[in-house]
Amino acid sequence: MTLAVCPGSFDPLTLGHIDVIERARGMFDEVVVAVSHNAKKTYLFSLDERVELAREALAGVGGVRVEAATGLIADFARERRAAAIVKGLRGAADYDAEQAMALLNRHLSHIETVFVMGDPALSHIASSFVKEIASYGGTIDDLVTPNVARALRKVNS
Ligand code: PNS
């Protein structure tokens, strides 16, 4: 059984994330979505809320489970004997941000990061934009799953 870890903030999970997670699942027997903490970000949803939203959204996707990751992703991946860490790339800006993280995670864990190009039809989707659109009452139903859309509307009501 090969296992991959897909780490991220998922604040909240978007259809772009789901695309990458499903592509990872196509390459590995099991995918653990690690809902983690990025020291550079402030969050709209708490860790528990982000985990819950991602769990609901991914409930129908076999071979995928969602866990909270409170420490280093390198330790999280090593503890689960992950074959790889999988990250999605939308373009060059993502690559610039991910390169150092991939090298550091390999330095810490000897686990390689595999980059997956997401569907170009979804490359405009980012959690930050989704939150901004929702804050203005804009339509987000084609950017996130229904449970996430409901949660965003509730936060902004
Ligand atoms: O979705 P994001 O915010 O781009 O994800 C970044 C995240 C959360 C995966 C990254 O910040 C992370 O791995 N945080 C956990 C702590 C950690 O391992 N830091 C060292 C990164 S080299």
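Glycine residues also receive a Cβ, built from the backbone N, Cα and C atoms like all the rest.
Feature annotation from TrEMBL assigns domain 'Cytidyltransferase-like' to 5-132.
The substrate binding site annotation in TrEMBL covers SER9, LYS41, ILE73, LYS87. Other C-beta atoms found within 10 angstroms of the C-beta of LYS87 (substrate binding site) number 22, with every protein chain shown included.
Listed in sequence order, the residues of the same chain lying 6 or more apart from LEU89 (ATP binding site) and placing their CB within less than 8 Å of its CB are TYR95, GLU98, PHE115, VAL116, MET117, GLY118. LEU89 (ATP binding site) falls within a strand when secondary structure is assigned with DSSP. For SER9, PHE10, HIS17, GLY88, LEU89, ARG90, GLU98, LEU122, SER123, HIS124, ILE125, ALA126, SER127, SER128, the entry in TrEMBL reads ATP binding site.
Around the Cβ of HIS17 (ATP binding site), the number of neighbouring Cβ atoms within 10 Å comes to 26. Summarising the annotation, TrEMBL assigns site 'Transition state stabilizer' to HIS17.
Summarising the ATP site geometry, the residues cited as binding it (SER9, PHE10, HIS17, GLY88, LEU89, ARG90, GLU98, LEU122, SER123, HIS124, ILE125, ALA126, SER127, SER128) extend over a maximum Cα to Cα distance of 19 Å. Take the binding-site residues SER9, SER123, SER127: by the count of other Cβ atoms within 10 Å of each Cβ, the lowest one is SER123. All protein chains included, GLU98 (ATP binding site) registers 16 other Cβ atoms within 10 Å of its own Cβ. Averaged across the domain 'Cytidyltransferase-like' (5-132), the predicted model reaches a pLDDT of 97.
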